[in-house]
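Now, the feature entries from TrEMBL:
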- 42-293: domain 'G-protein coupled receptors family 1 profile' (DOMAIN)
- 27-50: transmembrane segment (TRANSMEM)
- 62-88: transmembrane segment (TRANSMEM)
- 100-121: transmembrane segment (TRANSMEM)
- 142-164: transmembrane segment (TRANSMEM)
- 197-222: transmembrane segment (TRANSMEM)
- 243-264: transmembrane segment (TRANSMEM)
- 276-295: transmembrane segment (TRANSMEM)
Amino acid sequence: WEFNGSFYQPSAFLMMGIPGMEALHRWISIPFCALYLVALLGNCMILFIIKKTQSLHEPMYYFLSMLAVTDLGLVLCTLPTTLGIFWFNMQRIGFDACLTQMYFIHTLSFIESSVLLAMAFDRFVAISHPLRHSSILTKTTVIKIGLAIVLRGVVSLLPIPFLLKRLTYCRRTELSHSFCFHPDIMNLACADIKVNVLYGMVILLSTVGMDFIFIVLSYILIIKTVIGLATKEECLKALNTCVSHICAVLVFFIPMIGLSMIHRFGKNVPPLVNTLVAYTYLIIPPALNPIIYSIKSSHIREALLRALWRKSD
């Protein structure tokens with residue numbers, strides 16, 4: 001791209017739907033609506049059940065509440081622009097509005113990563129030190145962990161919008177997705193983006209990257225503890241309490257790592273693949289997490305059945 005030395009910042013960006021399938025956007029919106037509905041209702045249901053059921057007022061379910069709130073935030077960030085494109089072909093988004101949406105999407109993603117790490121720590125303490133679990137993870141400690149998670153996400157990503165605002169942009173304004181994503185905006189600039197690239201990579205590796213490493217280490221320690229249990233039944237029972245969390249970790253981290261790799265190294269990846277991975281990363285986890293925990297957690301399942309039974313009465 002040629003740059004004539006003058007500062008230029010577009011008033012708006014143009015967001016894309018699914019490339020090559022613009023004529024089918026109305027039909028494609030049906031499964032998206034279903035996923036958004038499942039995510040909204042499912043996470044609200046998780047929060048309602050945990051709030052109303054006294055027996056679920058434990059660290060594991062407090063962290064699950066944090067996960068549900070984060071998933072709701074991610075859904076509400078992407079739903080207006082995604083369905084706006086599919087239903088009304090509303091592709092235009094203001095420059096500042098785009099930076100705001102991008103900031104919240106990335107912040108909530110980083111918070112979700114940290115919540116999953118906190119849940120892994122909870123499982124490690126529950127299995128390795130069951131008698132000390134309630135004294136280690138008190139209600140006050142859980143609140144402090146939650147505040148630290150939010151503060152880390154908010155502060156670490158605060159410079160990103162300002163780093164993007166200082167850049168001068170080319171006349172191209174087409175984004176690759178139906179939402180604003182940092183690498184996507186950054187690549188439209190005509191200026192030197194080395195600072196943006198470096199800061200983005202450092203923050204990603206020091207937050208999400210470290211979270212993933214510590215989650216893996218937690219499960220290595222959990223497996224080491226479980227192997228030392230007396231009977232096979234105890235071993236399976238301990239591992240069974242981790243299944244839903246492992247599924248949530250895989251559902252979140254695999255698409256996120258895939259999307260990061262595509263944006264940094266996948267120059268020849270078809271646009272359709274890039275788009276589908278992005279949607280998988282931002283829509284599938286919020287929709288699947290409530291289902292995973294409702295199926296695998298007998299306590300949540302029983303509380304849900306009790307709530308439905310009372311309503312039917």
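Every residue, even glycine, has its Cβ placed from backbone N, Cα and C.
Those TrEMBL annotations? Automatic predictions, nothing curated.
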With pairs restricted to those 6 or more apart in sequence, evaluate whether the transmembrane segment (62-88) and the transmembrane segment (276-295) have 3+ C-beta pairs under 8 Å.
yes
Sequence gap of 6 or more, Cβ distance under 8 Å, 3 or more pairs: do the transmembrane segment (276-295) and the transmembrane segment (27-50) meet that?
yes
Could you pull out which residues elsewhere in the chain have a CB under 8 Å from any CB of the transmembrane segment (100-121), counting only those six or more residues past its ends?
60, 63-64, 66-67, 70-71, 73-74, 77-78, 81, 93, 145-146, 149-150, 152-154, 156-158, 160-161, 164, 179-182, 185, 207-208, 211-212, 214-215, 218-219, 245, 248-249, 252-253, 256, 282, 285
Take every residue in the domain 'G-protein coupled receptors family 1 profile' (42-293), average their pLDDT values, and give the whole-number result.
91
